[in-house]
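Trainee: Before I ask anything, let me first share the structure, which is written out below as structure tokens.
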Amino acid sequence: MTLENKKIGLIVTGGIAAYKSLGLVRSMVKQGAEVRVVMTNAATKFVTPLSFETLSKNNVLTDLFSEKESEHVAHIEFADWADLLVVAPATANMIAKMANGIADDFASTTLLATEAPKVVVPAMNEHMLMNPAMQRNLRLLEQDSVQVIEPETGFLAEGYSGKGRFPELETIMAVVNANFSDKDKPLKGKNILVTAGGTQERIDPVRFIGNDSSGKMGFAIAIEAQKLGANVTLVSGVSKLPDPVGITTIRVKTAIELSEAITRRFAEQNILIMAAAVSDYRVQNVADQKIKKDEDTLTLTLEKNPDILKQLGKIKQNQYLVGFAAETQNGLINAQEKLEKKNLNLLVLNDVSNAAIGFNSNENEVTLLRPQMENIFIKQTSKKQIAGELLNVVISDLKK
Ligand SMILES: Cc1cc2nc3c(=O)[nH]c(=O)nc-3n(C[C@H](O)[C@H](O)[C@H](O)COP(=O)(O)O)c2cc1C
């Protein structure tokens, strides 16, 4: 039994698919898991707690303030007990609460209090699912390393076909099982350092030279690497994205700071993925005071920043080194040259002249170059997907 001795907390919220979670409890129990169920008040309108109690052989928890045993706080005890929390079905309402850290009932308070991994199974009307607020909330969950299972397309309770259906039980169980399987953690025991975001080089106390990098690509790689079991350190330049949960995140501003942060941690790393957009130059004489507009022209002298990637390529021992090249023209030729010159194991070529992809966008389209190997083209898709595919290539290279 694959889930023997595993403690799974199932949180059922008030959607029409709530009855399908009864099947989920059966599958989990059948595989040996101990299952305890929390239901929201809305969920109890769809299915009775008795059904879940019977199948899970445990009391169902619903009310934050009806804790009978005063020596412990039930929602904290539940949050600490679970090895994994599964929210199925997850209403739009609960997803919004999770994305914003709202804790106003037993279910949402437990979700905020737990350190266990979380799987969320959204199920709702297609228009609710596609609402920009909903999509924004789902992205926030993913940034917080919550595993969101994509809803399926098919016949909805509303009587028409659309996206938003509760997935097949096998799909959900595969994700549940993956959380307990080392087979799906090929990067377990590996230390990965990822850089992300853009650097800022000061001109004076109120101005700087920066770039358009949002950090989305590097953050996605860090989050996916963590899911694959790696110990991840994220060195982020300027990015509005929040620190991903469970990932050591170091914030820097300048290229020099970035270089120092990497060099200090280089020796213990197995893999380095340099997705940050680092300024090639910095201002030679940074002004102590705000520069006045007295003159018609202003000349700034720039000096070269250290080429971090090249330096790492020179000193690397067994580290697998990945670089990013943002090109606007002659991409492949420049990238091939960079790959060789900098002694990289892999170079990700990113055509930033296309506004639909690259800097700031949620999607990207890249070519992966490796020495003496065929290039791999990944057509336009989410940065999360690109991160996963890139890491799969790294994993298969490391096996060789
Ligand atoms: C008949 C009916 C079906 C509903 N189905 C869904 C659904 O499938 N998904 C969803 O997100 N909300 C659905 N709702 C709305 C939720 O029940 C409502 O937003 C509720 O406040 C959710 O509370 P909870 O998140 O605490 O469980 C439905 C409401 C009704 C009356």
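Backbone N, Cα and C define each Cβ position, glycine as well.
TrEMBL labels come from automatic prediction, so no person has curated them.
What you are looking at is a predicted structure, and each value in this text was computed from that prediction instead of being measured.
According to TrEMBL, the record shows the following:
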BINDING   ASP280, LYS290, PRO306, ASP307, ILE308, LEU309, PHE324, LYS338, LYS342  CTP binding site
DOMAIN    6-176  domain 'Flavoprotein'
DOMAIN    187-395  domain 'DNA/pantothenate metabolism flavoprotein C-terminal'
REGION    1-191  region 'Phosphopantothenoylcysteine decarboxylase'
REGION    192-400  region 'Phosphopantothenate--cysteine ligase'
Trainee: Using all protein chains shown, find which of the binding-site residues ASP280, PHE324, LYS342 scores highest when you count other CB atoms within 10 A of its CB.
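Mentor: Sorting the candidates by Cβ neighbours within 10 Å, the top entry is PHE324.
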Trainee: Measuring Cα to Cα across ASP280, LYS290, PRO306, ASP307, ILE308, LEU309, PHE324, LYS338, LYS342, which the record gives as the CTP binders, how far apart are the two most distant ones in Å?
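Mentor: Looking at ASP280, LYS290, PRO306, ASP307, ILE308, LEU309, PHE324, LYS338, LYS342 as a set, their Cα atoms extend up to 38 Å apart.
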Trainee: If you average pLDDT over the domain 'DNA/pantothenate metabolism flavoprotein C-terminal' (187-395), what do you get?
Mentor: 93
Trainee: CB neighbours of PRO306 (CTP binding site) within 10 A?
Mentor: 15
Trainee: For ILE308 (CTP binding site), what is the tally of other C-beta atoms lying within 10 angstroms of its C-beta?
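Mentor: Summing over all protein chains shown, ILE308 (CTP binding site) has 22 other Cβ atoms within 10 Å.
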